[in-house]
Amino acid sequence: MQCDYYDAGVCRSCTLMGVPEDVQVADAQARVETLLPTVPTWLAPATGPASRFRNRAKMVVAGTTDTPTLGILDEAGRGVDLVRCGLYPASTTDALEPLRAFVTRAALVPYDVAARRGELKHVHVTTNDAGELMVRFVLRSTESLPRIRKHLPWLLEQLPSARVVSANLLPQHAALLEGDVEVPLTPAERLPVRQGAVTLLARPQGFLQTNTDVAGQLYAQVASWVTDLDDDERLGAAAAAPGHGPTRLRVWDLYCGAGGFALHVAAPGRDVVGVETSEQAVAAARDAAGAAGLSGTGFIHADATSWAREQPGHAAPDVVVVNPPRRGLGAQLCAWLDAAPPRTRHLLYSSCNPASLATDLEALPGWEPVRGRLFAMFPQTAHAEVLVQLRRR
Ligand SMILES: C[S@@+](CC[C@H](N)C(=O)[O-])C[C@H]1O[C@@H](n2cnc3c(N)ncnc32)[C@H](O)[C@@H]1O
C-alpha cells in the first residue's frame, strides 16, 4: 500500500507502510513461529484487503473551531489532518469532511492538550459493510452537548448513513481514547456489523474486531474446528457407549465481547456460554443471538477467571474458546485450565498478542498445541492475531 501521509513524513503510525503485504505476512509468520515453537503445524495465513480494512477510525480533533484537524497529534502536540487515510473504507472517509464541517457549525472547540483547554477531544467513526455509521464525539465535559443536539438534524441530513450517534465524556487530562459515560444522541444505540456468518451488535464503548474481513475468517476457522471436534466427540462417545444418545457438546467462550465466537459456534446439539465483564456487551450478544434465532446460547456478565473457577465439575465444558485482551489469560486462569475437569479436552486460544500467548502456553503444561494459524488482522503494522488449537495431554 502507498500512503501520501507516510511518504510526506506526517504520519508514521503504520510502521510497515511500503513493505509489500506478502513480505509483511511472511515476516509475521516467522515471528510467531519463533515465539511459539511448540506449535507443530501452521495453516496458511488468513489475509484480507491491505487497505480500507479498518472498520473503526479514532480521529484526534485539534486545531481551531473554524479550521479543525481530524487525525493525530505531532510531537509538538499540533494536529495532523488524516481525513484521507487509506486504512478506512470510503464510507468512513466520506463522513469525515461533513464531520469537520459539523465541528465548525456546532461551535465545538477542539481540545488543546498543551493548554488543557477546549472540549472536543476525538471523533470516532465505525462503519459496517452496508456503509452505515456509528459516530461518537469524545468530549471533556457536557458544555457542548446542547449545541451538538441542536445541530444534529443537520449532521444527519449530511450523513444519512449515520445510524448511531453518541457523545462520550472524558473529563480526565489523560492519554485515553474514551471515558466511562456515554450519552446516546439517536434512538439507535447499536450498529449491526456482519462479521463472518453472524451479525454482531456493535456499541460505542464495546470491543469490535477491527478488520471485518479477517475477523470473519477467524470466526469461521473456530467454527470449523469446533465442528471437527464435535464430530470426533460424537464418534468417540458412540464407540464407548453404543446405543446411548449423543450428549450435547458444551462450549465456553471466555472474553466473549459481543459474542463473535459464541454465535459462530452455536448449533443444534451444543450448549454455548459466553462470559464477559462488559454488561452491555453481554446484552448485545444476547440480542444478537435472539435476532439470529440461536437457541442453546447463554451470555454471562462476569470475570472470566472467577466464573470458570466457580463452576462445579459436572458443568465443565468440552471446548473452551478464549480471546483475552493483550495482557493474556494470566496465571490464575491458566492454572484453572491446566487442572480443569477431565471432560475439558479442547482449548482454542485466539490472541492479538503472541508474546502473552507464549507466556500463557508455558503456564499450560497439561495442554499440547495441535496447530496454529496467523490472521493478518492489522496490515501495515507488525501486530498479528494468532489462533492456536490445543488438546489435553
Ligand atoms: C479481545 S476482546 C475479544 C472480544 C470477542 N471475543 C470478539 O471477538 O469480539 C476481549 C474482551 O474481553 C473482555 N474482558 C476484559 N477483561 C475480562 C475479564 N476479566 N473477564 C471477562 N471478559 C473480560 C473485554 O471487555 C473485551 O470484550
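Numbers here mean position along the shown chain, with the first residue as 1.
Glycine is no exception: its Cβ is also placed from the backbone N, Cα and C atoms.
Annotations in TrEMBL come from automatic prediction, not curation.
As recorded in TrEMBL:
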| type | residues | note |
| --- | --- | --- |
| BINDING | Gln209, Tyr255, Glu276, Asn323 | S-adenosyl-L-methionine binding site |
| DOMAIN | 251-310 | domain 'Methyltransferase' |
| ACT_SITE | Cys352 | active site, nucleophile |
| ACT_SITE | Cys352 | active site |
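Here the features listed in TrEMBL are painted onto the structure.
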| residue | record | DSSP class |
| --- | --- | --- |
| Gln209 | S-adenosyl-L-methionine binding site | coil |
| Tyr255 | S-adenosyl-L-methionine binding site | coil |
| Glu276 | S-adenosyl-L-methionine binding site | strand |
| Asn323 | S-adenosyl-L-methionine binding site | coil |
| Cys352 | active site, nucleophile | coil |
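Spacing of Asn323 (S-adenosyl-L-methionine binding site) relative to the residue listed as 'active site, nucleophile' is 8 Å (Cα to Cα, whole number). Cβ neighbour count for Gln209 (S-adenosyl-L-methionine binding site): 27 (other Cβ atoms within 10 Å of its Cβ, all protein chains included).
When the recorded positions Tyr255, Glu276, Asn323, Cys352 are scored by other C-beta atoms within 10 Å, Glu276 scores highest. Each residue contributes its Cα atom, and for the residue listed as 'active site, nucleophile' and Gln209 (S-adenosyl-L-methionine binding site) these two points are 10 Å apart. In this entry, Gln209, Tyr255, Glu276, Asn323 make up the residues listed for S-adenosyl-L-methionine, with the farthest two CA atoms of the set 15 Å from each other. Those residues of the chain, other than Gln209, Tyr255, Glu276, Asn323, with a C-beta within 8 angstroms of the mean position of the S-adenosyl-L-methionine site C-beta atoms are Phe207, Asp253, Cys256, Gly257, Gly260, Phe261, Pro324, Ser350.
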